[in-house]
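**Q** Mind looking over this structure? Questions follow.
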Amino acid sequence: MTGSAADTHRCPHPKGAKGTRSRSSHARPVSLATSGGSEEEDKDGGVLFHVNKSGFPIDSHTWERMWMHVAKVHPKGGEMVGAIRNAAFLAKPSIPQVPNYRLSMTIPDWLQAIQNYMKTLQYNHTGTQFFEIRKMRPLSGLMETAKEMTRESLPIKCLEAVILGIYLTNGQPSIERFPISFKTYFSGNYFHHVVLGIYCNGRYGSLGMSRRAELMDKPLTFRTLSDLIFDFEDSYKKYLHTVKKVKIGLYVPHEPHSFQPIEWKQLVLNVSKMLRADIRKELEKYARDMRMKILKPASAHSPTQVRSRGKSLSPRRRQASPPRRLGRREKSPALPEKKVADLSTLNEVGYQIRI
């Protein structure tokens, strides 16, 4: 969820302050508008936030805009900003080590290591999202952004955490990942949040980042998808938030070079207008469908199976004359012999060779 409190202890260096910073491969000119253009809401809970579109190193416009926003929303305002920016010495922030999977680790331990890494990066309270996430971008491009997150080691928000979680869990086929989005209502405003749902060995859990510990990672202990969603809903109630909508996407493929975008909202539930029994029914049906899709893709699109049924993959051959047209020419005495001869020209998959 987006927040308005400022955390000024983990701020990036401005352009030119650190020569080793990498330039983003998808950098674009900065817009002067407050809207960042990211797929994540630019105004969440009535609070505007900005998106860094200049890549790294951060340009002067984005840098100054961030500090102006912090000065407006922080309780000590400009005094605090001036104390930091005019300080003669600032401690160098530590760069956490990216977790590495070891064969001795269990899946829950590996997921916990990933979540601990995200927590070390910290949640971004500056009001400026450092990494632009365009939801319709191909998965390969989003994985490049995730690599950039590990290089820059800056605080992240919920949407960035989902992309980073996908990147760090790649190569573990037993772990299925899918996005879960929430739209909630509190004190006259709507809020948006997203986490990365996890399914492994018949259990559900999640990875993510939030200002609230109960609204990010969940242990891999939930037997059903509905149990996981209801646990999030109960956590929201602790903060007097009413969950209005829940959106669930499809499993994200374990192919970092895929040009396929992430499916963010395959299932949309207006949970505020539904009974829990109906919500559970819809969620469990959807969960079964997702699990079946894991088992079916290889067979559902297999050319071998389609051909074994005598069906052609070619549209032209599928339009061949039906047997009924042969019946119209039964007057010709040579037709039956010709038909037998034609059968010898069929290959093993039922295609007729025409000369």
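Count begins at 1; order follows the chain as displayed.
Including glycine, each Cβ sits where the backbone N, Cα and C put it.
Pulled these from Swiss-Prot:
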- C158: active site (ACT_SITE)
- H193: active site (ACT_SITE)
- S210: active site (ACT_SITE)
- 11-26: compositional bias 'Basic residues' (COMPBIAS)
- 308-319: compositional bias 'Basic residues' (COMPBIAS)
- S302: phosphoserine (MOD_RES)
- 1-45: region 'Disordered' (REGION)
- 297-337: region 'Disordered' (REGION)
**Q** Would you mind reading off the Cα separation of H193 (active site) from C158 (active site), to the nearest angstrom?
**A** 7
**Q** Could you state the whole-number distance in Å separating the C-alpha atoms of S210 (active site) and C158 (active site)?
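**A** Counting only the Cα atoms, the answer is 6 Å.
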